[in-house]
């Protein structure tokens, strides 16, 4: 177990002190990547773990770890000010809008698999300065390749993970793990600008199959890039699109894996009355048809997303998609209006819809690993 107490106040028993000068070195094996961007404060309360904290202004806290499965607990809070931040671990968003009111504290835990010997924690926010009070890293007994069920994701940019330089843009796959208990590991292989065809041609499906073991799941979502005219990506809904999807299904079956089709969510498209409609052409229907033909569960995210957009209304969907004013985010200084890709808030809502369908469709045994 690795226990870090951030700040310049009294040290909590059994914890490693981390202050503003705690720069990462290979010899030490932990520290801030750029300590010059870190400040620390102690509020002088009786709790040594929560009284003080560090504010990492755009720099990561890195810890060298043996490869394996871990639980990461983060404590944040401030006796005088409200806290709110997003937490990324090795580039993947783990906690969104995580914080507490002034005088309060919050702690959350998430699982992560380490490969490459390093954990990098970033606390980011465009709302208030982030605060790190404590970090506890515990190696668990789970081993991804043996005991855990892995859910592999094959898809495009609306599913994929995003590096911090794209925040707050996110794919729904980044949030999926938060809806499952710890025995489920999400392996998000979705990649930006991919189609059902190019994902196979570039051997991304082969990567999944090489890792897949009996009982694992493969969730498959394509359609947006299949509709374009680029010959490297284009497929026809009822011919080549379905042919490629059959390849995913049959290859997963050969490995003893379970497979689920996911229709592509609709873009931010609505008529003159403000009613949203399907903007992915015949691809969602082709996937539904194939699901019936091959007896494969189909999560109809296309239908569910349209229902959700219509429920919240046109204006509110700006919070779902990447609509930012100039200066609102340092990654998009001139602002952005994107009707395809999601804000972290929206990506989380799409993940909620996906897991809701896993439950409603009784996708067994995966549904029993959903958090209650």
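Counting begins at 1 with the first residue displayed.
Just so you know, glycine gets a Cβ as well, placed from its N, Cα and C.
No curator has checked TrEMBL annotations; they are predicted automatically.
The domain 'Beta-agarase/YXIM esterase-like galactose-binding' feature in TrEMBL is assigned to 2-123. Summarising the annotation, TrEMBL assigns domain 'SGNH hydrolase-type esterase' to 155-309.
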Predicted model, mean pLDDT over the domain 'Beta-agarase/YXIM esterase-like galactose-binding' (2-123): 93
DSSP residue counts for the domain 'Beta-agarase/YXIM esterase-like galactose-binding' (2-123), split into helix, strand and coil: 3 helix, 68 strand, 51 coil
